């Protein structure tokens with residue numbers, strides 16, 4: 001009988017290398033928020049991948065960056081804390097970009113960990129094969145990696161192969177979660193992240209990091225209908241106007257797109273009500289950050 005493997009795997013990397021895309025690809029559901037804007041992942045998102053012979057819990061950390069405010073400090077603390085008490089680390093980089101100072105900063109952190117570190121070069125669909133080997137050799141000159149695997153999370157290229165390689169390094173163990181559980185976050189958290197994703201897609205560069213979403217109420221009104229009320233927090237009146245849009249058009253579009261994804265997540269019809277409120281300088285208010293769901297692990 002084949003042994004059952006289980007383990008916790010941390011995904012770390014600079015902003016926008018495709019960590020959330022990878023998590024959503026291997027889980028088969030949208031759990032982690034995806035956007036082309038940096039720093040969109042704020043909490044550790046645990047995606048649970050269950051196969052017949054293994055269960056892998058992926059922890060998608062906020063992208064490593066230099067903090068600019070209290071929320072940034074929190075995001076960095078989460079990323080670093082995630083490196084402890086796990087079975088493997090995926091260091092994800094863009095195959096189509098030069099090695100940057102952010103990558104070097106992460107490599108210096110990783111040199112001190114005893115956990116197996118896998119270098120995963122993402123976005124190989126954007127790179128000519130001849131360019132791949134020199135990039136791999138360049139990374140190898142910085143440190144010894146347990147394994148190096150090129151993938152495309154968006155296209156699904158080589159992802160299954162990477163999972164097979166990863167499994168060989170994980171310990172034997174039981175299933176930590178039921179077969180049908182794909183995340184350890186409550187549904188309300190995932191719903192809030194879906195709403196935030198739609199705002200990021202529809203608004204300009206001024207808005208992204210000033211957006212916080214809190215799901216105030218989520219009630220199953222009948223077997224096939226869920227009523228959700230959520231508040232979108234911004235820092236300035238001008239941002240409130242951008243999110244709402246002329247005649248409320250932008251907010252309606254956010255609601256329409258979010259409702260579609262939430263209905264797929266919950267398997268029910270959804271009645272979604274959204275409000276936009278100004279909470280000045282909220283990213284520097286620790287208590288407010290906690291109030292809207294960004295909570296550090298307690299030691």
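Including glycine, each Cβ sits where the backbone N, Cα and C put it.
The domain 'Era-type G' annotation in Swiss-Prot covers 5-172, and the record cites sequence analysis as its basis.
Broken down by DSSP into helix, strand and coil, the region 'G1' (13-20) contains 2 helix, 0 strand, 6 coil. The annotation region 'G1' is assigned in Swiss-Prot to 13-20 on the grounds of sequence analysis.
According to Swiss-Prot, the feature GTP binding site maps to 13-20, 60-64, 122-125. In the shown protein chains, 17 other C-beta atoms lie within 10 A of the C-beta of residue 16 (GTP binding site).
The annotation region 'G2' is assigned in Swiss-Prot to 39-43. Averaged across the region 'G2' (39-43), the predicted model reaches a pLDDT of 43.
What Swiss-Prot records for 60-63 is region 'G3', and it gives sequence analysis as the kind of evidence.
Distant neighbours of the region 'G4' (122-125): 17-18, 21-22, 92-96, 132, 150-155, 157-158; these residues of the same chain sit at least 6 beyond its ends, with a Cβ under 8 Å from one of its Cβ atoms. What Swiss-Prot records for 122-125 is region 'G4', and it gives sequence analysis as the kind of evidence.
What Swiss-Prot lists as domain 'KH type-2' is 203-280.
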Within 10 Å of the Cβ of residue 19 (GTP binding site), how many other Cβ atoms can be counted across all chains shown?
29
Run through the domain 'KH type-2' (203-280) and tell me, per DSSP, how many residues are helix, strand and coil.
32 helix, 31 strand, 15 coil
Would you mind checking how many other C-beta atoms are within 10 angstroms of the C-beta on residue 13 (GTP binding site)?
24
